[in-house]
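If you check TrEMBL, you get these features:
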- 1-26: signal peptide (SIGNAL)
- Glu117: active site, proton donor (ACT_SITE)
- Asp258: active site (ACT_SITE)
- Glu351: active site, proton donor (ACT_SITE)
- Glu372: active site (ACT_SITE)
- Thr475: Ca(2+) binding site (BINDING)
- 522-543: compositional bias 'Basic and acidic residues' (COMPBIAS)
- 522-550: region 'Disordered' (REGION)
Amino acid sequence: AMAVLRALGPWLCLWALRLPAGTGAAAPGLDIASYRERVRAMFYHAYEHYLESAFPYDELRPLTCDGQDTWGSFSLTLIDALDTLLILGNVSEFQRVVSVLQEGVDFDIDVNASVFETNIRVVGGLLSAHLLSKKAGVEVEVGWPCSGPLLRMAEEAARKLLPAFQTPTGMPYGTVNLLHGVNPGETPVTCTAGIGTFIVEFATLSHLTGDPVFEDVARKALKALWKNRSDIGLVGNHIDVITAKWVAQDAGIGAGVDSYFEYLVKGAILLQDKELMSMFLEYNKAIKNYTKFDDWYLWVQMYKGTVSMPVFQSLEAYWPGLQSLIGDVDNAMRTFLNYYTVWKQFGGLPEFYNIPQGYTVDKREGYPLRPELIESAMYLYRATRDPTVLELGRDAVESIEKISKVDCGFATIKDLRDHRLDNRMESFFLAETVKYLYLLFDPDNFIHNDGSVFDAVVTPYGECVLDAGGYVFNTEAHPIDPAALHCCRKWKEEQWEAEDLMREFYSPKKNKKFTLKRAADYGEGESAKDPEDASSEKGGEKRSSKKSLHSLLSCPTQSFNSKLAVLGQVFLDDT
């Protein structure tokens with residue numbers, strides 16, 4: 001157990017930077033405890049109204065006090081909010097919700113689901129809750145964390161997504177039907193983030209269950225994007241997963257691309273994978289060379305590097321947090337302060353902000369209570385203890401309460417200029433926005449553990465280190481304990497070895513030697529290979545041969561006489 005903890009040490013403290021919990025100066029006159037309690041109250045105002053008015057639908061409609069299904073009819077807000085309950089200290093409600101989900105969520109339904117959204121929200125939320133179950137006082141079964149009902153649910157959901165990866169390139173379709181697979185005639189065009197945002201959840205699944213198929217498909221998709229980057233080192237916004245031809249060629253760090261870069265870094269931390277980190281660092285050089293101007297990041301043509309759109313998107317606000325994870329804190333703070341000026345101008349981040357004009361972009365004036373700038377604030381405060389970062393948290397609480405709070409929850413802000421509201425509260429408000437705000441104001445939370453304390457759990461398969469800190473958040477803010485990935489390896493290797501011995505014993509060819517290919521360094525051997533070579537591997541041979549059908553896309557495509565496709569909406573030339 002101690003050997004595992006020592007091995008994880010450099011990664012566990014990467015974003016915590018080994019700062020003692022509860023230390024550091026607050027902004028003058030800012031009462032951290034008071035704001036923490038206000039954030040707690042925000043959570044319960046939204047959560048309780050979801051339960052009263054919207055459950056079992058995916059999301060709350062706060063203006064009409066009812067619910068709607070949006071991403072697949074999974075009671076999504078409940079799954080997304082589950083680990084937030086524990087972070088707020090509510091173990092009894094966590095336990096109740098775990099029972100509700102086990103009884104009520106069914107993935108054998110005839111629904112077209114976003115592969116990307118189902119992975120980050122459902123698979124990620126269930127995995128996180130599974131790994132936090134013991135801490136939350138749930139009575140776990142023998143073999144945990146290598147087994148358990150929430151892990152089985154996460155695996156079932158992930159298996160429903162696997163048909164999407166059955167393409168010539170290994171890059172997945174954007175949508176899959178949970179009952180039938182990929183629908184015939186499905187568009188093959190998927191956004192870059194919809195291809196490169198699986199390694200955190202899928203590698204965790206592979207390490208916990210012992211089935212390498214999940215990590216295999218996630219790695220193959222990552223490497224396919226890497227192989228198809230431009231000569232100047234950039235990737236575009238949408239690509240054809242059959243032909244590997246770029247359909248939308250705008251390169252940037254925002255919508256349609258964002259979490260691909262995020263998962264290269266977080267995958268490297270989670271798996272201690274130098275190859276993934278080296279891929280990101282190469283991208284980072286190109287991003288700085290071609291898209292960075294005065295600590296802003298613009299959109300450029302991926303082959304030429306010429307500016308195509310001088311805009312800042314609210315989804316780009318994750319970038320300072322990501323920079324802090326790789327130790328580039330100075331650049332992170334400068335970019336964060338740029339983004340914070342936009343927040344102060346409008347009381348939120350508009351979806352698109354024209355940098356030269358210093359104002360919103362037509363039809364993109366809304367703020368759906370996104371978490372990205374608050375997420376960056378949490379990381380940067382852990383890294384710097386700069387009180388300016390806390391001021392953003394204060395301003396976020398004040399703005400959201402003043403503009404967005406309604407009787408039945410918190411409503412999306414349709415237009416930051418006049419504060420008109422829209423009848424939607426996305427599940428990420430409870431999964432991410434509230435969680436990052438709370439963690440910003442709660443320096444003693446268990447999530448911030450710097451590795452100085454940990455729990456050595458004795459399982460039937462050996463001793464396992466858990467709760468040592470260094471949690472890696474997926475892109476929906478579901479924390480994954482990296483130490484848990486080391487808990488199940490010994491058991492699985494011994495199980496495979498026993499299976500191979502039995503096959504050898506019963507094989508008619510007594511002299512045949514069996515090679516244990518799934519064993520000791522599963523998940524590590526790939527990191528020594530060159531990314532270009534690895535991308536051409538036939539990694540799909542062991543995957544299911546079930547015929548793929550086709551469905552509707554997470555990042556839907558239109559006719560691409562457009563500048564940039566974002567979240568299924570397209571910038572046409574006349575906008």
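Every residue gets a Cβ built from N, Cα and C, even glycine.
Automatic, uncurated: that is what TrEMBL annotation is.
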Rank aside, I only need the closest one: which of the recorded positions Asp258, Glu351, Glu372, Thr475 has its C-alpha nearest to that of Glu117 (active site, proton donor)? Thr475
Residues near Asp258 (active site) in space but at least six apart in sequence (CB under 8 A): Ala193, Leu315, Glu316, Tyr318, Thr475
Using all protein chains in view, find how many other C-beta atoms are within 10 Å of the C-beta of Glu117 (active site, proton donor). 22
Measuring Cα to Cα, how many angstrom lie between Glu372 (active site) and Glu351 (active site, proton donor)? 11
So for Glu351 (active site, proton donor), how many other CB atoms are inside 10 Å of its CB? 24
Surrounding CB atoms that lie within 10 Å of the CB of Glu372 (active site), all protein chains: 24
